[in-house]
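I am attaching a structure below and will ask some questions about it afterwards.
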């Protein structure tokens, strides 16, 4: 019964209160900062795309060029197995298998092949133009072919090239020119044949000591065949060596040869340039569209970063090696502590956030004779929202120099360069990834500090208004020394609290209670004092009862003196 009286006493003593706090929810989102790991926040935004659809798709409505079982060389030279590629429309990117079967059917090499593929990565359409028609080589045989490039079981040759051999027993000097009047730059490919022995040389070209000369305003190349015995490839001991150049507008290319010339019948006008690329993959085009393509699959996202593949084509996020990039946009999420104790106190911002406040990030909880409730502080919440709205864009702007992995290729003789290039690219990507991760950590630290600062500013705003008309309870709450109805509470919230109006009432109520001061003593200390007093009183009553009983039965003599 005494405890009930004590609780009622404490309840009666408790004054009106206003608390400053912040929003919390059931979110389990976690972010990292410079100083902390796995900080639970109310709101966060994942800015790293980790998924793709596993498909090769049209890019912005334009299909890629599927080389199927052909290589770039097989396509450009016109391998008979690649006839489907003789005429191709505009492409968005090129799909080439890792090891296509149909390349140089007649064995040999392609000079600066990797550089050519790099050039093609910036082209989205070739227009094939006949530059040196085969029927104009009237003094030479133009039907040269090989079983290595068989077509329907018979010997054939690259469709876009002309293998010039002797006519009868003569091979007069072959001289032809082409002037580029197409209005665009043009890719020109030619070759030289290296026979297996001198008898093959005479059988094909009659002449020995031959040469092939090619010249433009910027090129002067003269080559001679290297006659040597070699192991047979595709049944051939000879080799063909192909070269290429870009012929500028109005420039002229001149060919001159006394034998062994593989002449171009067609050139490739670069009719459209764009951000293309060569995807090394075994995949095939599927019925889908995307704005961003990788060799592994298409990415459809609005996020600023991805970790899928360094080689991308289209409007793509920036590539990083990170496994996780989460940007904090909300506050630290500390669920409200529902520990009401003897007073039914509402936890303030020190103890935890409020799930009951749903219309803002920061705000108030008040309790008085008219009731209690939450109210968000619209002004501070809106300022915070404005400050964080463009945070993702800010991160992107700070990382606006994308490191591009262009998928360079190297020949077998350039392995050291390839390894060095790979190490450099890996190093750049490591630095790029570190910068992105560090930027996110710093932004998260700033965001959480920003929210903490806003809560503190709101607290200070209330404290400066109330001054000594209320006492700070140490948990984000103030207890008034005067009665504060709803109108009074609203004036505190909107910053129009009239200190002088309540000053006298507060002075009267600030008189400290002598003995036990509730303002600085905990519940357990109060209960301990109560228990001590109650125990002493019970002991005194017990001793008095025993004494009266002993006096009544004669065990104790009692004398009352007046």
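Using N, Cα and C of the backbone, Cβ positions are placed for all residues, glycine too.
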Going by what Swiss-Prot says, which of 494, 553 is noted as N-linked glycosylation site?
494
Could you tell me which of the ranges 505-525, 526-546 is annotated in Swiss-Prot as transmembrane segment?
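That would be 526-546, per the transmembrane segment entry in Swiss-Prot.
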Spatially speaking, which of the recorded positions 38, 57, 149, 179, 494 is closest to residue 292 (disulfide bond)? Use C-alpha to C-alpha, please.
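The smallest Cα gap between residue 292 (disulfide bond) and any of the recorded positions is with 57.
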Whole-number Å distance between the CA of residue 105 (disulfide bond) and the CA of residue 488 (disulfide bond)?
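Their Cα atoms are separated by 93 Å.
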In this structure, which of the glycosylation sites 26, 180, 494, 509 has the fewest other Cβ atoms within 10 Å of its Cβ?
26
Tell me whether residue 300 (N-linked glycosylation site) sits in a helix, a strand or coil according to DSSP.
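Assignment for residue 300 (N-linked glycosylation site) reads coil.
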By CA-CA distance, flag whichever of 25, 57, 288 among the recorded positions is nearest to residue 82 (disulfide bond).
57
So what sits near residue 149 (disulfide bond) in its own chain, CB-to-CB under 8 Å and at least six residues off in sequence?
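Within the chain, residue 149 (disulfide bond) has Cβ neighbours under 8 Å at 79, 80, 105, 106, 155, 156, 157, 158.
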When you measure from the Cβ of residue 179 (N-linked glycosylation site), which residues in the chain that are at least 6 apart have a Cβ under 8 Å away?
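Result: 250, 251, 252.
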Residue 180 (N-linked glycosylation site) to residue 316 (disulfide bond): how many Å between their Cα atoms?
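Just about 37 Å between their Cα atoms.
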